[in-house]
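Everything on this sheet refers to the single structure shown next.
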Amino acid sequence: MNTRFLDACWGKPVDRVPVWLMRQAGRYLPEYMAVRSRCTFLELCKTPELAAQVSLQPVDILGVDAAILFSDILTPVEPMGMKLDFVPGPVFEKPVRCMADVERLRIPRMEDDLPFVFDIIRILRRELADRVPLIGFGGAPFTLACYMVEGKGSKDFVQIKRMMYSAPDVYAALMEKITTMSMEYLNAQIAAGAQAIQIFDTWGGILSPSDYRTHVLPHTTRLINGLNRLTTPVIHFVKGAGTMLETVREAGGDVIGLDWHVDLATARNQLGPGVAVQGNLDPTVLFAPQAVIEQQVQRVLDENRGLPGFIFNLGHGILPTVPAENARFMVQCVQRLSRS
């Protein structure tokens, strides 16, 4: 098996830097759009054969060093009792706003309520045949709470902050329930065959460092500590966390994901030894001429200074209108420029 990705997660030496892309199975690939044209997004997420097919596309087309389960961070929230639709973004029919709403939420029976997720994982492990490892994933408790309380996407998520400040008992009860659900969900992914886990805290960076430490850190720490991590590394990605990386590290995780607002050398200094890092090319670089893409890849590699425990990725998900050939070129640049 190509173990570069897993070796890098554990900080072991590798022959070159492993590379994969957040949202690598997505709309920038014509092959993905051909599948997506036949079904809705939710149908794609819930049809194991199709979801496995699009999960494999970046491995075959781009040559990345890891596959990631095709799903959505909100997938496990729906069976908690929240009707979800995508129109086109995620919308919950009835947001969580009070203690009664929290009390109505249930912890799903994972294999009964979400069998398609684990079927996708099992299909992928079979189809990958150990060519590359498989990453499972989930949303961090705070990011899931942002959507559940707001009811949809937002730039500032006022409702979750209002709850956090004005109804701390409701907020705490919600976060406890989401954390328990997430722990069971991610452990079920590991049991089904996921070989690494990424926790996406897309909205953790909307909080001040003080509020993150008080209102988010305890829940994320409980989640990470509750995962079956003996042979399964955990990647913890908090978008916008450049000013609080030391706190993010306190939550645990074997790899800290970085966005493009912090350079790798600075992040390494803040995080200290003993933890791997992943990132952190600005996704919009992939719209540039290929000569510029190569320069930017080299810059990121130089910032890492050849240290072990590094996984090349974008600083967030690949954008849907990026030319697929540029994504492939970026992967090739990493492979060529980082080989020891």
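A Cβ is built for glycine as well, from the same backbone N, Cα and C atoms used for every other residue.
What Swiss-Prot says about this one:
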{"type": "BINDING", "residues": "R23, Q24, A25, G26, R27, D72, Y147, T202, H316", "note": "substrate binding site"}
{"type": "SITE", "residues": "D72", "note": "site 'Transition state stabilizer'"}
Next on the checklist: Using the alpha carbons only, what distance in Å do you get between H316 (substrate binding site) and D72 (site 'Transition state stabilizer') once rounded?
Outcome noted: 15
Next on the checklist: If I restrict to non-local contacts, at least six residues apart, and a C-beta distance under 8 angstroms, what lies near R27 (substrate binding site) in its own chain?
Outcome noted: M33, R36, P320, T321
Checklist entry - So which one is it: of the binding-site residues R23, A25, Y147, H316, which has the fewest other Cβ atoms within 10 Å? => result R23
Checklist outcome for this item: Going by C-beta under 8 A and a gap of 6 or more residues, the same-chain neighbours of D72 (site 'Transition state stabilizer') are F41, C45, P90
Checklist entry - For R23 (substrate binding site), which DSSP three-state class applies? => result coil
